[in-house]
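Feature list (source: Swiss-Prot):
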type: DOMAIN; residues: 20-167; note: domain 'CENP-V/GFA'
type: BINDING; residues: Cys27, Cys29, Cys95, Cys98; note: Zn(2+) 1 binding site
type: BINDING; residues: Cys48, Cys50, Cys53; note: Zn(2+) 2 binding site
Amino acid sequence: MTVHIHPYVDNGVKQGSGHFAGGTLVCKCHDRPVKVAVKGDVAHNHACGCTKCWKPSGATFSVIAVVPRQNVTVLENGDKLKIVDPSAVIQRYACTGCGTHMYGRIENTGHPFYGLDFIHPELFQEQGSAAPAFAAFVSSVIESGVKPEQMGEIRARLKELGLEPYDCLSPALMDAIATHVAKAKAA
């Protein structure tokens with residue numbers, strides 16, 4: 001039995017073009033879709049198992065990446081965007097029509113990822129953004145209904161796809177968080 005991770009990666013991870021200049025994210029609405037422009041390529045693209053990230057129907061994981069917040073602009077139908085959970089660290093702006101999360105923003109200037117917006121690269125109209133490179137918060141899929149006994153198969157499938165599974169973020173991102181905290185303590 002094939003383990004389904006996310007439609008964006010289930011048939012193999014497609015490598016990015018290496019020169020993606022950005023594009024337009026489009027929600028799933030047929031009438032007045034929300035459109036968001038993103039300048040430049042994405043960074044830290046990964047499969048995420050947390051229960052906060054938006055997942056398309058049938059997906060076990062989301063696919064999420066970051067871009068500088070100044071590179072994100074709502075182009076059309078921004079009146080349809082609403083923050084999903086105002087108490088969350090990442091303010092996820094979702095379309096009120098279809099529920100698609102268009103971008104997530106951190107407003108806390110003391111947060112290690114302040115200045116980066118979280119986006120779902122599979123929503124790009126254009127092809128070629130950087131490919132997912134790892135899987136984060138893998139065990140968290142249990143919280144969304146995956147049976148614990150399926151985790152071995154899920155981790156094996158992630159590895160087969162070239163997405164190293166972590167139960168937190170990747171080592172590079174965890175190092176960035178620890179560095180930020182250490183600098184803040186030293187200040």
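Cβ atoms here come from the backbone N, Cα and C positions, even for glycine.
Because the structure is a prediction, the values reported are computed rather than measured.
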Could you list the residues of the same chain, at least six apart in sequence, whose Cβ is under 8 A from the Cβ of Cys95 (Zn(2+) 1 binding site)? Cys27, Lys28, Cys29, Pro33, Val34, Asn77, Lys80, Leu81, Met102
Please spell out the DSSP helix, strand and coil residue counts for the domain 'CENP-V/GFA' (20-167). 29 helix, 53 strand, 66 coil
Count of other CB atoms lying within 10 Å of the CB belonging to Cys48 (Zn(2+) 2 binding site): 26
Additional residues around Zn(2+) 1, ordered along the sequence, whose Cβ is within 8 Å of the centroid of Cys27, Cys29, Cys95, Cys98: Lys28, Pro33, Val34, Lys80, Thr96, Gly97, Gly99, Thr100
Identify, in sequence order, the residues in the chain of Cys53 (Zn(2+) 2 binding site) that are 6 or more apart from it along the sequence and have a CB within less than 8 Å of its CB; answer 'none' if there are none. Ser62, Ile64, Arg92, His101, Phe118
Within 10 A of the CB of Cys27 (Zn(2+) 1 binding site), the number of other CB atoms across every chain shown is 25
Neighbours of Cys48, Cys50, Cys53 excl. site residues, C-beta within 8 Å of centre, Zn(2+) 2: Gly49, Thr51, Lys52, Lys55, Phe61, Ser62, Ile64, Ala136, Phe137, Ser140
Other CB atoms within 10 A, centred on Cys50 (Zn(2+) 2 binding site): 17
If you average per-residue pLDDT over the domain 'CENP-V/GFA' (20-167), what number do you get? 96
C-alpha spacing of Cys98 (Zn(2+) 1 binding site) relative to Cys48 (Zn(2+) 2 binding site), in angstrom: 21
